[in-house]
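> Submitted below is the structure of interest, expressed as structure tokens.
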Amino acid sequence: MEFYFYAVFGIQVIALVALEFGKSGKDRITTSSAFNAFKNNYLVVYSLMMAGDWLQGPYVYALYVFYGYNKGDIGKLFIAGFGSSMLFGTIVGSLADRYGRKRMSVIYCITYMLSCFTKHSPEYRVLMLGRVLGGIATSLLFSSFESWLVAEHFKRGFEAQWLSLTFSKAIFLGNGLVAILAGLVANTLAGTFGLGPVSPFDAAACVLAVGMAIIISTWPENYGDQTEGKSFTHQFTQAASAIASDEKIALLGAIQSLFEGSMYTFVFLWTPALSPNDQKIPFGFIFATFMLASMLGSSLASRLMSRPHLRVESYMQIVFMVASGSLCLPVIIQFFLPDSPSASITAGGRLNLLGFCIFEMCVGVFWPSIMKMRSQYIPEESRSTIMNFFRIPLNVFVCVVLYNVSAFPISVMFGMCAIFLALAGVLQRRLLMVSDKHRSRSIETWTTEKGAELEPLNI
């Protein structure tokens, strides 16, 4: 393996250590022991849930190839997963608000474990069922746990600013460190121990079972809107009405869909971008490098969100524009550094790797920041339902990309993602303006009410 890959990885390690251990007093949030216990419990559970997801990732495609399926069949399986998340996501989100976030978190574990068990069968119909179950589980993973956390955080009377600390640590661990360790464990089980491509899915099921036991034994239940007699249709209508009537929620949903759509498209594009002529490069090590960049981003987000006077809506404009620029790089390289036959990574590939690390760092900043904004703008009674509404355009977008991924040059796909990310930055600017206007009106209303209360005293 070339020294270049070690150098990129090493530079990021040094930057991460400097960020984590170089924090001053103004970068740290003073909390209570009760909050720390609550936060640590959630971080353990969230890390186990993400480990159950990350263990499967490296071997999903490999397992289908192992069973003898071609790219067309495999593409349909992936589309089924995203389509399932799109179709059933709003339903399970509504169930979480109505019947309890803890209960649906447990159902996530059960559903994903069943999905893992289907991987033991080479039958296409069984594998398709597994993808459908996996799509449902994904919707629960990205809605029920966050909804439970936000509701329980405020129910216990913790300060709103402390929530950002939990978010940033959850992404640092669950989307960074756990992802790296899960990839290594999956590789060890399937490769070093020779247990085959099914073994990581068995390990994922075991991890999910442990997390489920902790949820059942330590988490209290909380709910959204439990009003008797309300049908699912009413809950969907209520969530859609909240999005339509509040520009801030609608903007937040559009921003999330644009960024995550670009992010999931990037997952399919980075391999051919770095290896256009099937060069032999260390994909596993590069994946770990990306996850390290994501950890670097979440560490930076922790610093940014600890500043009480620095608003998330403000700095995220810059993050989206930087992300857009990083994915413009492959388009520019296509013109100035065309592909050349090489046994290893090309000069253009080296530059792309740096750009992709910057993009992954933006991803690391994005996750805790979008969680923070969702906690501020989405109403508690419909939180899970609205969050899954946000995933509908995302899943439609990803399904369309998967279906047409071979129809367009890779540079066109990257250019499209860069445009979407720039548009997300524009919408983020609009969100800042709308929220500022709303805050000004709230202050004026409060001042008027206080003046009315004090006027009799002045008489």
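Along the chain as shown, residues are numbered 1 onward.
Any Cβ shown, glycine's included, is placed from N, Cα and C.
Automated prediction, rather than curation, is the source of TrEMBL annotations.
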> Quick one: which of 172-195, 388-411 does TrEMBL have down as transmembrane segment?
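It is 172-195 that TrEMBL annotates as transmembrane segment.
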> Which bits of the chain, at least 6 residues beyond where the transmembrane segment (412-432) starts or stops, bring a Cβ under 8 A of a Cβ in it?
248, 251-252, 254-255, 258-259, 261-262, 265-266, 269, 273, 311, 313-314, 316-317, 320-321, 323-325, 327-328, 330-331, 373, 401, 405
> Report the listed stretch (43-65, 128-151, 201-220, 249-271, 283-306) having the maximum count of Cβ pairs within less than 8 Å of the transmembrane segment (318-337).
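If we count Cβ pairs closer than 8 Å to the transmembrane segment (318-337), 249-271 scores highest.
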> Contact between the transmembrane segment (201-220) and the transmembrane segment (349-367) is defined here as three or more C-beta pairs under 8 Å separated by at least 6 residues; is that satisfied?
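Contact between the transmembrane segment (201-220) and the transmembrane segment (349-367): absent, because fewer than 3 Cβ pairs are under 8 Å.
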> Can you find at least 3 Cβ pairs under 8 Å between the transmembrane segment (172-195) and the transmembrane segment (77-96), where each pair is 6 or more residues apart in sequence?
no
> Six or more residues out from either end of the transmembrane segment (77-96), which same-chain residues have a Cβ under 8 Å from its Cβ atoms?
64, 69, 103-104, 107, 127-128, 131-136, 138-140, 143-144, 147, 224, 232, 235-236, 239, 384-389, 391-392, 395-396, 398-399, 402-403
